[in-house]
C-alpha cells in the first residue's frame, strides 16, 4: 500500500485556460508574468530577492514543461532543465467558478457544476433584509463596509471606527464570499467566530460558498495586522469527494492548514493547523514522518494567494515560490517506497493583473516519488483527474468524474 501527499500551492496558475475570456481573464498567467517581471528586474526588492525566477526543483519536476503545455511558451528566464524527474502536465478547470472551494473540490474529484451566488459590485453589497437579520441574530449594533473591498484596505479604512462602535466590518469580493473582519481584543475572536456561524446559516439562502472570519490586531491604520486565526465556514461539497471515500475505506485523511475548513471538515479524520507557508511545510514534514500506509496528506499553502496574489505583490510572490522550492529536497528525503507527491494549484491569482481577484488559469500538476518514471501526461481536461490519480495510487475505487493520469 502507498501514501499520497497532495500539496496545493494556492493560486499558482500557469495561464492558458481555454475559457479565460469568459471570466475576463484572457492572457492572465500567474507563473508567466511573475517570471517575466523577474527577468526584467521588475521582480527585485531590496533585502528580499533579485534576478530571474529561480525554481530549480520544480523545474526539474516538469514545471517549465507544464507551463509550455498550458500556454505554448516558456516562462521568461526559466530554461528547460536538462532532465525531468517527475510525471508532469497541466490541468484545466471545469467548475463554473474560479474560487477556492470549487478548485479544491474538483481536485478532490467533485467538480462544481452549479453557479454560486454573488453579491453586487455596485452600491451596497448586502441586501437590507440580510443586514437586518445579521444585526438581530448576531447581536451587533450595525455593520461597516457593506461593499466589495480588499481585506487590508477595508481594515485600514474602518478599523478604528469598528473598535469604537463594535460594528463588524463586512465585505465581499468577486468570489462567493461574505467576509467579516473584527479586532481580536475589542470585539473578541470567539465572538467573531460565533457571528460567522450565524451569518453562515443566513447566507445559505443566497447560495454563498464561504463565510470567512478575518481577525486582526493593532490600534491604528498604520499597524493593523490580520492574524493567523482566520476561519472559513464553507458549505458542504455537492457530492462525496476522495476524502469521504478514503474515510469510508478506513484510511486517515490528514488535513493541514485550511483544508479542513474548505471541505467543511467532511472526510477529514485528522486536522493540523499551521500559519504561513514555512510553518505549513514544517507541519507537513512532521505528518510525513507519522502517516501510515494508505493515508492521504492534504496541505494548502495559502500565502501565495492571501499575501501576494490578492495584494498584487510580484516580488513577494516570487520570493515565496523560491522559498517553497528550496524546501522540496527536505520532503524528498523523507519519502518511502510507494509514496507519491502531487504539487498543484486550485486557480490563478496573477499579481500583475487588474483588480485584486482570482484569475481563471490552467494549473500545473507535478507528481514524483520513488517509483514514478518521468513522462508527460499532456493537458488534463479537469482537475478531477488529480483526485482520481491519488485514489488509484491509494487503491480505492474510482469516482465518477475523472480518471488516473498514471
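Cβ atoms are placed via backbone N, Cα and C, with glycine included.
Remember, it's a predicted structure, so these values are computed and weren't measured experimentally.
For 10, 346, 347, the entry in Swiss-Prot reads Mn(2+) 1 binding site. A 10 Å cutoff on Cβ-Cβ distances gives residue 347 (Mn(2+) 1 binding site) a total of 32 other Cβ atoms nearby, all chains included.
The annotation Mn(2+) 2 binding site is assigned in Swiss-Prot to 305, 310, 358 on the grounds of sequence analysis. Around the Cβ of residue 358 (Mn(2+) 2 binding site), 31 further Cβ atoms fall within 10 Å across all displayed protein chains.
In sequence order, 8, 10, 11, 100, 102, 103, 104, 107, 300, 363, 383 constitute the residues six or more apart from residue 346 (Mn(2+) 1 binding site) in its chain with CB-CB distances below 8 Å.
All chains included, 20 other C-beta atoms sit within 10 angstroms of the C-beta of residue 310 (Mn(2+) 2 binding site). In three-state terms derived from DSSP, residue 346 (Mn(2+) 1 binding site) belongs to neither a helical nor a strand segment and is classed as coil. Other C-beta atoms found within 10 angstroms of the C-beta of residue 305 (Mn(2+) 2 binding site) number 25, with every protein chain shown included. Cα of residue 358 (Mn(2+) 2 binding site) to Cα of residue 347 (Mn(2+) 1 binding site): a distance of 7 Å. Compute the center of the Cβ atoms of 305, 310, 358, which mark the site for Mn(2+) 2; besides them, the chain residues with Cβ within 8 Å of that center are 10, 11, 306, 309, 347, 349, 356, 357.
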